[in-house]
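Features of the protein shown, as given by TrEMBL:
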type     : residues : note
COILED   : 556-588  : coiled coil
DOMAIN   : 522-687  : domain 'STAS'
TRANSMEM : 93-118   : transmembrane segment
TRANSMEM : 124-144  : transmembrane segment
TRANSMEM : 173-195  : transmembrane segment
TRANSMEM : 207-225  : transmembrane segment
TRANSMEM : 256-273  : transmembrane segment
TRANSMEM : 337-357  : transmembrane segment
TRANSMEM : 369-388  : transmembrane segment
TRANSMEM : 408-426  : transmembrane segment
TRANSMEM : 470-495  : transmembrane segment
Amino acid sequence: MEERRRVTYKVNRNVLDEGDLDEMGEKSLTKPSLLDKIKDSASCTGPKVKNCMLGTFPVASWLPRYAFRENALGDLVSGISVGIMQLPQGMAYALLASVPPVFGLYSSFYPVLIYFIFGTSKHISIGTYAVMSVMIGGVVDRLAPDSDFEFWNNVTNNSDIDFASRDQERVRIAVAVTFISGLFQILLGLVQFGFVVTYLSEPLVRGYTTGAAIHVIVSQLKYAFGLHPKRYSGPISLIYTVVEICYLLPKTNIGTLVVSIVSIVALILAKELNAFLSKKLPVPLPMELLVIIATVVSWQVNLEERYGVDVVGTIPSGLQPPALPAMSLFGQVVGDAFALAVVGYGIAISLGRIFALKYGYKVDSNQELIALGLSNSIGGIFQCFAISCSMSRSLVQESTGGKTQVAGALSAVIILFITLWIGSLFEDLPKAGLAAIIFVNLHGMMKQFLDIPALWKSNKIDMLVWVATFILTLLLNPDLGLAAAIAFSMLTVIFRTQLPKYSLLGQVASTDIYKPVEDYDKQVPGILIFRSSATLYFANAEMYQEALGEKSGLDITKMLSIKKKLEAKRKRHEKKLAKKAKKELKKNKEPNSEHQKGIAVIDVDNDPDPSLPRAIILDLSPVNFLDTVGVKTIKSIRRDYGEIDIEVILACCQSGVVESLQAGGFFSSNVTKSCLFNSIHDAVLYCQSEKSKSRCDEECEQEVRAGIHVDRRCVHPEAKRVRKENRNDF
């Protein structure tokens, strides 16, 4: 076995505290003011204007340099493949959103073109998405339930539903919530709020999408079985819906069920065939083309009239004219719109970053917010419902050779062609076939249940976030479930900062490296090095002090109490000496010179306690910020331990922490930056140096001369002499 080569280095320098580093590095004490920053950001120069324009319209930066030979064929094939997928998916997801299927085609056209101009990801497929659609469907069903459109049919002597009025109102609601969600995304993008997605961790997103996928599946069961259950909304509506469907199962339409089973089996076989022939086929076979076969069969057999199978129905040719959304609905959907804005952006940016990392380009998170916001707000004006990116279509777009946003634009052209000329050919497409497409496309999301055992092995807190998010999404529906999941995830972060791991550090032999003593068992004699794994702020400040006392074995409260008692004892002794001196003066006798000075070093032991450390070093490397409570905590620790003559040193402070200490009044004429060190090793060497000892000796001598030195461990010669005299006096 080849011996590992070791690289060595040697450094010869003085021990440096924070003040020395500031002086050596010639640290600038002046910082640009807020006014200067505003002036700099508001200044208008040629390069700034150009960068601003290219950043706002990314298409102007990449389209003029489009490599036609390298990218055109791949983008063409990819665009056609994705466009074919968009056709059935758009109509199917429109059913999820509780609007007529043709509006899914509109949502697969306008937003895609807008993203082509403003988006920065080259590979994600913008358009309808199951999770977004089911969230919109929840809003639509809540504000426009079937019961609001029931009327008595005198011909059939039964209650009936005015489907035309219902669908018209539902489209108004879907458009309004889409428009507001787009405005939210634009606003967040303009204020550079793209980092909001960082609060959506991967376990949270995957648990949420899995829970939302269950909602999608349950919502499509009525189409798969040909049932007409009641529509429920609000918390635990999923459970009510499942119970209702189970109750109605005996009324299943056999023809619809057969269509569902045949469609699902055919789609699964097509997917498996694609996987089997993936290395031989230049592009995957678009399994969505099976909808053409289903449409032809439905038309020839007349499934709707003969077997009662629900079909898509009328698909009007052409596009809808632009119209402003109904402002009267904005107040009722503003909360749902914000949830849509966050979820849609979170899914799009997560997938966009995966592709950007894979292919080596950058996705601008704030520009993505603006691009999605414009896609939704402008799309809302053209009767679209909220969109995001689809993982299945994005993977197809990548695997079929798509390399730029041109592929997305070409898919929109395919949808435009279908909408204008051949959309009516799909009017006989069974809704059960669309439900089957949704079931099969959600197969990948169901695999996310395998995250649970993997997270159990790697990180149980993340597993808890996944499971809690999944359950909350199931019970509270996707809108409230998301808010509750984010709150739960934030609580786990707070609890982790409140329950960090506290360690004492020891030196690895012959190095300047310090590791926990439970692993290396090599503590520096006379020096205690303490570290917390979390930052220090109001929520864990008290526990930080308690852990320091527990790890050091020092009951600081008890020791300070003993010191106060000794101080009181010293004062009584001084009074006794004063009375004795007065009596001697009355007798015209010379008083004892030492008693006249009133010096009293109170001791309870003859020898110093070797278990007490000479210094405590606080390793603040994990601390990335300090609030006012954190600053007061460090001041309190330094003061309390200083009163029992244990010097407290701070090590590895980040610049922001030093600034917080300075702003919080930590430094004074007595406390300077000489108690801050850039590394633990510097702090240890300082504590072991003669400089530290001489400083202690000076402090001891001053206290001895003042008659207030009560440290029973002190080996200062003057303290020893006076201690001996005081023991004789007692």
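Cβ coordinates are placed from backbone N, Cα and C, and glycine is handled just like the others.
Any TrEMBL annotation is an automated prediction that lacks curation.
Fair warning: this is a prediction, and the values are worked out from it, not measured in the lab.
Here the transmembrane segment (337-357) does not touch the transmembrane segment (93-118). Their Cβ atoms form fewer than 3 pairs under 8 Å, with each pair 6 or more residues apart.
In the predicted structure, the domain 'STAS' (522-687) carries a mean pLDDT of 82. Residues of the same chain lying 6 or more positions beyond the ends of the transmembrane segment (173-195) and with a Cβ under 8 Å from any Cβ of it are 97-99, 103, 136, 139-140, 143-144, 325-326, 329-330, 333-334, 336-338, 340-341, 344-345, 349, 364-370, 372-381, 383-386. Against the transmembrane segment (408-426), stretch 124-144 shows more Cβ pairs under 8 Å than any other of 124-144, 369-388, 470-495.
Sequence-distant neighbours of the transmembrane segment (93-118) (same chain, 6+ residues past either end, Cβ-Cβ under 8 Å): 56-59, 86-87, 126-130, 133-134, 136-137, 140-141, 167, 170-171, 174, 216, 219-220, 223, 312-313, 315-316, 319-320, 367, 370-372, 374-376, 378-379, 382-385, 387, 405-406, 408-409, 411-412, 415-416, 418-419, 423, 431, 434-435, 438.
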